[in-house]
């Protein structure tokens, strides 16, 4: 990339900072949740919605981001994304109640949903095709550093300042990013087809209402009749989308995607698999802080080995899948992740804290292998004319399943916690133990889906071609 013009390199730096802000924010909040609960006068069992409100908003808004960038221009949308994300961060820091914080996180999510896909689109437009991979490697590197720094930085800020600072640090970075975007980034536009607003609204209502119904079943004031009504509305919205998308060339996601068996299996497995694995980044720091008295900073440090294991495994996952095949790798890593989850719980309950970093490192390795395999299995056999639509649907499903996973984790904590009157340390650990056992069972379930994957090892060379689009 040394032969690129200075202006292009500056534009890549802008995109890289956007990736960093978005990836940092997805992990920095986790270690601060118990402190937020105490400050806002809420039960820690309700704080999962701080994560869900952000991730669910990202899932809902993702389908519109690419169309908006083509229609309005990448500079205008990227600038808007940074401004919304920064304003959301400010409102998060100023929040005095949980409801205010949830609304601010949703505003952040609107910005976050546009930041990464529009950033990818920007790189495609400003960099020659032969240098695209090198440019994407450059701009995504800060996105890999964000999860590494996020938990420890969040714990450090909470312990030595306050939880408000995990949002305030976004403001100067966002201001600089917004100004440089206006000054340096060209406003590329493309001719677009008419946006499928009806399909977008049906999907948005279906996802949001079903997630709300799932969370409402935890005893948050919804009556059984209201929950049943929400479920009915959500199901009807999704069924209407399926009817709307039939033989509709303008549909957000073509139903032709599901004619490819590996896409259908991969998408179903990704949805079920990320529900289970999406619980872990939320539950682990909460488990360590509330169950065992770890400080926020110490709990954040414990997350670093998991990220390191994930990053290290990415270098050899292609060789592993090509050697053993998708079916064996996905079944083994799914069951392995369930076992590692039980190992983490057992190690913590026995008080072997010095072993926890090694267990978390192993968990990161297994999880990374499964993620990469799920992504590439889903996309590898799609025809070129459906690859972009399939990738967008996979991205949306990834965010949606993570929000459902965090919601279910909060539901399990509330369910087991409500069965105990006392709040001594032994009871708290018992509640977490039952929750962890349930999580391990949920994590193992997608193995039944992956067992149906064709044993086509000779086709696994496609992983090297599709991996870039699935990141």
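Sequential numbering from 1, following the chain as shown.
Glycine too: its Cβ is placed from the backbone N, Cα and C atoms.
Record features, source Swiss-Prot:
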TOPO_DOM  1-11  topological domain 'Periplasmic'
TOPO_DOM  33-48  topological domain 'Cytoplasmic'
TOPO_DOM  70-76  topological domain 'Periplasmic'
TOPO_DOM  98-101  topological domain 'Cytoplasmic'
TOPO_DOM  125-137  topological domain 'Periplasmic'
TOPO_DOM  159-164  topological domain 'Cytoplasmic'
TOPO_DOM  186-196  topological domain 'Periplasmic'
TOPO_DOM  218-224  topological domain 'Cytoplasmic'
TOPO_DOM  246-262  topological domain 'Periplasmic'
TOPO_DOM  307-341  topological domain 'Periplasmic'
TOPO_DOM  363-395  topological domain 'Cytoplasmic'
TOPO_DOM  417-430  topological domain 'Periplasmic'
TOPO_DOM  452-471  topological domain 'Cytoplasmic'
TRANSMEM  12-32  transmembrane segment
TRANSMEM  49-69  transmembrane segment
TRANSMEM  77-97  transmembrane segment
TRANSMEM  102-124  transmembrane segment
TRANSMEM  138-158  transmembrane segment
TRANSMEM  165-185  transmembrane segment
TRANSMEM  197-217  transmembrane segment
TRANSMEM  225-245  transmembrane segment
TRANSMEM  263-283  transmembrane segment
TRANSMEM  286-306  transmembrane segment
TRANSMEM  342-362  transmembrane segment
TRANSMEM  396-416  transmembrane segment
Model confidence over the topological domain 'Periplasmic' (246-262) (mean pLDDT, whole number):
85
Candidates 49-69, 102-124, 342-362; stretch with most C-beta pairs under 8 Å toward the transmembrane segment (286-306):
342-362
Need a quick answer: max count of Cβ pairs under 8 Å to the transmembrane segment (138-158), which of 12-32, 77-97, 165-185, 225-245 is it?
12-32
Run the contact check on the transmembrane segment (396-416) against the transmembrane segment (12-32): 3 or more C-beta pairs under 8 Å, excluding pairs closer than 6 in sequence.
no
I'd like to know if the transmembrane segment (197-217) touches the transmembrane segment (12-32) in this structure, counting it as a touch only when three or more C-beta pairs sit under 8 Å and are separated by 6 or more positions.
no
Same chain, outside the transmembrane segment (263-283) by at least 6, Cβ under 8 Å from its Cβ: which residues?
27, 30, 33, 48, 51, 257, 303, 330, 334, 337-338, 341, 363, 367, 370-371, 374-375, 377-379, 381-382, 390, 393-394, 397-398, 400-406, 408-409, 435-436, 439, 442-446, 449-450, 452-453
Excluding the flanking five residues on each side, which residues at least 6 beyond the ends of the topological domain 'Cytoplasmic' (33-48) place their CB within less than 8 Å of a CB in that stretch?
95-98, 101, 158, 162-163, 220, 282, 285-286, 289-290, 296, 406-407, 409-410, 413-414, 417
Report, as numbers and ranges, every residue of the chain located at least six residues beyond the topological domain 'Cytoplasmic' (98-101) whose Cβ falls under 8 Å of a Cβ in that stretch; write 'none' if there are none.
36, 40, 42, 46-47, 49-50, 91-92
Counting Cβ pairs under 8 Å to the transmembrane segment (77-97), which of 165-185, 197-217, 225-245, 342-362 comes out on top?
165-185
By a Cβ-Cβ criterion of under 8 Å, what residues six or more beyond either terminus of the transmembrane segment (225-245) are in contact with it?
198-199, 202-203, 205-207, 209-210, 212-213, 216-217, 251-255
